Amino acid sequence: MSLPSRLPAILQAVMQGQPRALADSHYPRWHHAPVTGLMNDPNGFIEFAGRYHLFYQWNPLACDHTFKCWAHWSSIDLLHWQHEPIALMPDEEYDRNGCYSGSAVDNNGTLTLCYTGNVKFAEGGRTAWQCLATENADGTFRKIGPVLPLPEGYTGHVRDPKVWRHEDLWYMVLGAQDRQKRGKVLLFSSADLHQWTSMGEIAGHGINGLDDVGYMWECPDLFPLGDQHILICCPQGIAREEECYLNTYPAVWMAGEFDYAAGAFRHGELHELDAGFEFYAPQTMLTSDGRRLLVGWMGVPEGEEMLQPTLNNGWIHQMTCLRELEFINGQLYQRPLRELSALRGEANGWSGNALPLAPMEIDLQTRGGDMLSLDFGGVLTLECDASGLRLARRSLASDEMHYRYWRGNVRSLRVFIDQSSVEIFINGGEGVMSSRYFPACSGQLTFSGITPDAFCYWPLRTCMVE
């Protein structure tokens, strides 16, 4: 039974909220962001019928984590995106508390969405349904309904289906929490997307030597890359280390061998996917030219998100830039999408003076052991020395300084700046640090320890969703 439509309220929220968001000095000029309300996980990232599609978790009615819809953008070139009709709203009993994250597939020429229907009970507790929806001729979507109930042996925290085709079968990984409150990744297979068979647990507590690795693993994504398979996921509750896993919830990757017949993934150690302050729930897709692309939510659940100043203008959060993945000699590399170079203006050398903070790309070559720093408007500071990088940012709740770290020999930095975000690519993508920051309109980028001949920058043209 369908619930009452909230579409009129959503349209009113967009009409009233969009002008405020676009006038905000912190609103991005070339990243994806909501025109009103709260945005979080990227969903359904796919190339289909000559277009790229990126769906995302969106609450258009408030800047909080209620009423999760699937909003939708599309593009022909990965640079210029346009708004599409809302794909999914929580208007059925099986998804009444949110159309949670998932993926998209091409099912014999039909764009099909696989998502989690979230249901919370008045007396406490919850359940989850894995659901399907298919695209109509007019670009809207028709819900098929649940195809997989809550698996036996797990709490109501089972979600985020990532589905793909291999040979004659569909496969799905799900993030899960077992009844002992331990994080797991589950594997299922199907011949038709409707009837699913459990193939067991492939990662998490008690698997491949892992012990205390969190109480819930979210947003899994398993894919081949180079000579290995890569599993990306978000282990909630993993123990903090002195300089690693410092965010409220981190995102990690692990490489290994995946056996389809046995339903087994033999992987190595966990690695943090992004060492910055804001990065979560990444999702990948394979392009027709063979590239594995990634996009993440430049946010973190809880933490200080509800103190961000954009709340005053009715919007919160943005996506990362799109990234290309490679796996070389045991290392996962993330590089900025090559198409982003089309946004560059004229190349500039550096005179040694401060630069006005504005959307730009910086290319900085370093010598191992160089001591240097970049100060982003007195709000965010990047320091480099022989041990690696330290990113410092003042808390939004107090005057306390918070830090994030990347350790290793720094040879080069590519820094991508937008109105309220910085993404730092280290050594050609060997490491990444992604962070939000909220400078004054007159903020400047200042430098220390940098020689002009090692520095080049390009202003970046505005390229907003239409």
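Here, residue 1 is simply the first one shown, and the rest follow in order.
Glycine is no exception: its Cβ is also placed from the backbone N, Cα and C atoms.
What Swiss-Prot annotates here:
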BINDING   L38, M39, N40, D41, Q57, Y100, S101, R159, D160, E218  substrate binding site
ACT_SITE  D41  active site
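Structural mapping of features recorded in Swiss-Prot.
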{"residue": "L38", "record": "substrate binding site", "Cβ within 10 Å": "25"}
{"residue": "N40", "record": "substrate binding site", "Cβ within 10 Å": "24"}
{"residue": "D41", "record": "active site", "Cβ within 10 Å": "27"}
{"residue": "Q57", "record": "substrate binding site", "Cβ within 10 Å": "25"}
{"residue": "S101", "record": "substrate binding site", "Cβ within 10 Å": "29"}
{"residue": "D160", "record": "substrate binding site", "Cβ within 10 Å": "29"}
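Classification of D160 (substrate binding site) by DSSP places it within a strand.
Cα-Cα distance from D160 (substrate binding site) to the residue listed as 'active site': 10 Å (rounded to the nearest whole number). Q57 (substrate binding site) carries a strand DSSP state (E or B).
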